[in-house]
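Trainee: My structure is below; once you've seen it, I'll send some questions.
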Amino acid sequence: MAWIREFPARSFNKNVLGIINRMSFKMHLSMNARICKIIFLFLLVVHNLSVYTRAESVHVITVPKKISSSQWTWNWKATGPTGGGVDQWKNAWPNGDISKPVQYSVCDASPNTPKANQWLTSTDISSGLANRIDIIIEYAMSDCSVINNQYCRQNFSLYLHESPTQLPDKSFPNPYTNLGIFEKIGTSSPKVLTTGSLDQAQRNKETFSAMVNKPYAYLALYYQGGCVKLFSVSVQYYQCPSIKLSSNLVQLPQTIAPANNSTKVKGSCSSAQHLKPLTNESDLYGYCQDDGEWSTDRYHGECGCDYGYGKVATVSGGSECRACPLGTYSDKVSNSNCATCPLNSEQDSSRTSCDCKPNFYRTDKQTKFDSCAGQPSAPQGLSITFLNASFVTVTWSPPTDNGGRTDLYYTAECKQCNDQGTECIQECTGSNITVNQNSRLASINSLSAYTNYQLKVYAKNGVSKLAEEKNDLAKFAEYIIRTKESVPGIPVVTVKQLSSTSVLLSWEVEEKNGVITYYQVSYYPVDHPSNVKKFNTTSTNASITGLETGKKYMFQVQASSPIGLGPSASQTMVVADNQEKQRADVTVPILGTMVGILLFGIAVLVIVYFVRKRGRRRASATSSSLDQKQTVKFAPPPKDPNMNNGIVFLEGFNNPQESHDQETPESRDDLYMVVPDDANWEVPRENISVIKRLGSGNFGYVDKAIAIGLPGIPGQVMVAVKTLKENVKLRDKEDFLTELNLMMRMAPHRHVVRLYGCCTIPGGPQSIILEYLPYGDLLGYLRRSRGHEDSYCSGDLRPESRLKSKDLLRFGWMIADGMSFLADNKCVHRDLAARNVLVGENKICKISDLGLARKVSEDIYTRSSRARLPVKWMPPESIFFGQSTIASDVWAYGIVLWELFTLGDSPYPGCNGNDVTRLLREGYRMPKPPHLSKILYSLMLKCWKDKPEERPPFNTIREEINTYFKATEDYINLDVFEDSLYVNFDAL
């Protein structure tokens with residue numbers, strides 16, 4: 001029978017035990033400390049089970065031997081001299097009880113007995129292939145102090161005889177007669193001697209080791225005096241067990257321990273245990289030590305778990321190879337655990353790799369060790385940010401699931417639908433789709449008006465192409481829109497002659513672009529185009545009579561919608577003579593109405609003719625007499641409540657529908673074209689001391705100066721003096737005096753630059769004296785706050801710190817407040833921009849037009865015949881039709897908000913005036929900056945409505961901005977403001 005022998009812990013464990021002992025001592029061996037020590041020792045033992053190898057003890061013989069359930073036996077041979085009172089080894093049951101183990105004893109306690117020479121020889125002991133045996137003897141021995149014998153001894157000796165064969169009983173070696181064949185292997189050294197009964201004495205247990213090289217051995221115990229009793233004798237030897245080393249998985253066979261030191265043992269990798277050598281198989285070996293343990297640090301070679309298997313620890317502290325569990329794999333022979341399958345993959349049948357789960361993929365550049373990814377989920381929150389008749393922009397939020405990849409991108413798709421919006425199969429041919437990946441904004445242009453479209457935005461990533469090849473389509477967000485109405489398209493006109501004086505017109509409009517309200521038909525002789533006749537109809541055909549035979553006529557048809565008249569289609573026809581004269585008559589629906597319209601048109605033409613003629617005379621007179629002061633009494637501001645929506649047509653543009661309440665440069669009142677006669681505003685030029693020039697423009701310059709004697713203001717005052725250059729054009733003089741007259745007519749306002757006076761007396765340049773604001777124009781102020789220099793900045797002082805979101809909202813509120821005041825005074829600014837807003841102390845903003853003195857680049861102004869046009873700040877009606885209203889200023893205010901919230905970036909970055917004109921014609925609007933809230937961007941979009949009447953008034957804007965300013969929410973996240981995105985400084 002084999003039993004397990006554990007050996008002491010190594011030095012590491014000794015150190016740990018020492019620490020524990022010191023801890024226990026310091027804690028005065030308190031109960032808690034003792035408990036902690038016991039628990040730690042238990043854990044340490046468990047730990048050592050997996051660290052140290054085990055020795056096997058092979059049992060050879062043990063006596064006494066139990067031969068039945070109630071009887072023991074022990075029959076060794078006693079030899080030695082007899083007589084003279086000498087005692088020999090004798091066996092006996094304690095108190096004669098055969099159910100108890102047999103004992104051998106010997107005792108020479110008489111004083112006169114001679115020196116003892118007694119032997120007890122064992123039967124044959126089969127040691128097999130052992131190299132060393134251990135003999136364990138359990139005995140009791142008397143103390144010689146209680147024995148009256150001069151030869152008393154307190155020990156006995158042990159001898160060994162080896163034999164290559166098993167000897168018969170009669171041939172057993174006798175040490176008494178043949179001691180030479182025995183070898184002494186040791187003498188007992190009892191630790192306990194008794195002075196009483198040996199049966200009751202404490203027993204000694206000693207182990208003797210003997211080297212053997214023959215298969216059979218015989219033991220002999222040599223007694224020389226005293227009293228001794230043997231309780232048991234056991235013989236065993238050690239062997240290193242068959243084991244698989246946990247460190248390298250090498251299988252080592254069961255090996256009998258060497259007599260001394262260690263022996264090299266060849267190892268193997270068991271295929272039955274799914275092992276393969278990681279090194280040369282001949283290099284696999286370990287060392288069996290003489291204590292029956294395998295060396296833990298002296299081994300060579302390594303086994304690894306086969307493909308599809310991984311190394312795992314066993315309960316006993318060893319290691320073994322086990323098939324990779326689900327979700328893991330092993331693609332090589334290794335001495336490690338199975339690897340976890342990458343994300344979104346699963347174990348294949350061989351357990352050597354992981355395949356992507358259904359609907360998950362790897363790109364061609366990825367390996368089997370990389371995670372698999374799938375299609376992202378659909379974009380979230382798809383919404384329309386702008387929509388007109390031909391252009392739409394949509395925005396969205398990222399998908400909730402990016403599919404396991406970071407290379408997310410988006411594509412957009414457009415399809416045209418039927419009138420009900422239920423079937424969308426036709427591609428949006430001719431439309432251009434632009435997707436801004438960073439801002440998640442898509443725009444589609446060149447759409448048809450009043451048409452249903454299906455817009456889809458797909459979320460994709462690096463595996464989307466692979467997925468689509470397997471019919472795993474990308475997820476999308478969908479939106480069905482109907483574009484807004486526009487003017488109808490060109491009709492297709494057919495002319496058919498009915499008689500020599502009449503024709504039949506019929507037409508059809510393919511691109512209705514909305515609801516057609518009526519058709520306008522006009523015709524005239526080609527050689528007399530002024531004899532045009534028009535009428536309206538809701539029918540798609542009309543007969544025209546009363547034509548002159550033989551003449552060539554031009555026939556035109558236009559369709560009209562609530563948006564307006566569309567382009568006209570023209571057809572010409574020579575009315576042939578069919579010898580049938582008909583009464584000249586024109587069949588026209590609503591004839592009375594047309595006659596009225598015709599008479600009204602003639603009246604308008606006559607009025608326009610005389611007004612223009614009178615205007616030219618006045619302009620000529622003004623040009624020749626500007627140097628002579630004219631006296632004009634100022635009239636109070638107009639009372640017309642419609643003045644807020646009054647349209648001002650700039651010269652140089654077509655004016656399709658002039659009316660009596662529209663003001664043009666030619667029809668302006670004289671009071672805006674001459675030097676004012678109000679001595680209260682006049683300041684002597686010698687009262688002004690110029691300090692420095694702030695800026696210079698095409699027709700004037702602005703100086704910083706100190707003035708005295710200002711109307712109603714005592715002492716010295718720092719002012720800004722705006723002076724007109726000599727020899728400027730008439731238009732520039734008119735603009736200069738118009739500004740002065742307007743400011744004289746208006747009361748002071750907290751957010752409009754204040755007028756202090758003027759110098760208009762002949763004999764020097766004409767100047768306007770204005771309030772001085774030291775931080776200069778708002779545009780330069782914003783750029784300087786970011787650390788950028790603006791070479792045209794008119795301010796003496798720099799911003800003290802970086803602006804906060806509340807500062808920007810406050811600026812927006814002050815500008816809206818100032819513009820609301822101008823609107824209440826029936827004043828259209830026409831040049832509202834950040835460069836024309838000045839910043840004073842305490843970050844006060846005031847509306848001004850000091851930007852007039854700045855050097856103007858082509859990207860800011862585009863020249864017309866007599867109009868200076870800030871195209872990037874102008875609405876479509878001003879650019880395309882020359883109309884300027886208070887609603888036009890609202891559009892410009894939306895652009896100013898863009899400048900404000902981007903801290904001075906130029907609107908429409910990278911675009912010139914022509915680009916802006918084209919973009920506005922397509923319905924484009926600047927996208928939302930990433931750091932700006934949707935609420936503020938919505939306000940900007942309201943300012944940029946196509947129809948002027950849909951734009952909010954300034955007093956409404958002012959209140960809305962004030963609400964945002966008071967709110968606790970941060971609508972402008974300057975923490976994520978990317979300065980590099982907004983350095984498009986056109987004016988630099």
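The backbone N, Cα and C atoms fix where each Cβ goes, glycine too.
Note that the structure is a prediction, hence the values are computed from the model and not measured.
Features from TrEMBL:
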ACT_SITE  ASP831  active site, proton acceptor
BINDING   LEU694, GLY695, SER696, GLY697, ASN698, PHE699, GLY700, TYR701, VAL702, LYS722  ATP binding site
DISULFID  CYS107-CYS227  disulfide bond
DISULFID  CYS144-CYS152  disulfide bond
DOMAIN    57-245  domain 'Eph LBD'
DOMAIN    378-486  domain 'Fibronectin type-III'
DOMAIN    487-579  domain 'Fibronectin type-III'
DOMAIN    688-965  domain 'Protein kinase'
REGION    620-642  region 'Disordered'
TRANSMEM  588-611  transmembrane segment
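Context for these features, please: burial, neighbours, distances.
Mentor: A simple way to gauge crowding: the CB of ASP831 (active site, proton acceptor) has 19 other CB atoms within 10 angstroms, across all the protein chains here.
For the recorded site, GLY700 (ATP binding site), the DSSP three-state label reads strand.
With a cut-off of 8 Å between CB atoms and residues at least 6 apart in sequence, the same chain places ASP87, SER142, GLY226, CYS227, VAL228 near CYS107 (disulfide bond), listed in sequence order.
In sequence order, CYS152, ARG153, GLN154, GLY226 are the residues near CYS144 (disulfide bond), counting only same-chain partners six or more apart with C-beta under 8 A.
The DSSP breakdown of the domain 'Fibronectin type-III' (487-579), given as helix, strand and coil counts, is 0 helix, 50 strand, 43 coil.
Across the residues of the domain 'Protein kinase' (688-965), the predicted structure has a mean pLDDT of 86.
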Trainee: Pop the Cα-Cα gap between ASP831 (active site, proton acceptor) and LEU694 (ATP binding site) into the table, whole Å please.
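Mentor: On Cα coordinates alone, these residues lie 20 Å apart.
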Trainee: Can you tell which of CYS152, CYS227, LEU694, VAL702 has the least company, meaning the fewest other C-beta atoms within 10 angstroms of its C-beta, among these recorded positions?
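Mentor: Candidates: the recorded positions CYS152, CYS227, LEU694, VAL702. Fewest Cβ atoms within 10 Å: CYS152.
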Trainee: In angstrom units, rounded to an integer, how far apart are the Cα atoms of VAL702 (ATP binding site) and ASP831 (active site, proton acceptor)?
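Mentor: Cα-Cα, rounded: 18 Å.
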Trainee: Looking only at LEU694, GLY695, SER696, GLY697, ASN698, PHE699, GLY700, TYR701, VAL702, LYS722, which the record lists for ATP, tell me the maximum pairwise CA distance in angstrom.
Mentor: 15
Trainee: Measure the Cβ-based neighbour count of SER696 (ATP binding site), defined as the other Cβ atoms within 10 Å of its Cβ.
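Mentor: There are 15 such Cβ atoms around SER696 (ATP binding site).
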Trainee: Reported as an integer number of Å, what is the Cα distance between ASN698 (ATP binding site) and ASP831 (active site, proton acceptor)?
Mentor: 16
Trainee: Since the record lists ASN698, GLY700 as binding-site residues, which of them has the fewest other Cβ atoms within 10 Å of its Cβ?
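Mentor: Least crowded of the binding-site residues ASN698, GLY700, by Cβ count within 10 Å, is ASN698.
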Trainee: How big is the gap, in Å, between the Cα of GLY700 (ATP binding site) and that of ASP831 (active site, proton acceptor), rounded to a whole number?
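Mentor: It is 17 Å, counting Cα to Cα.
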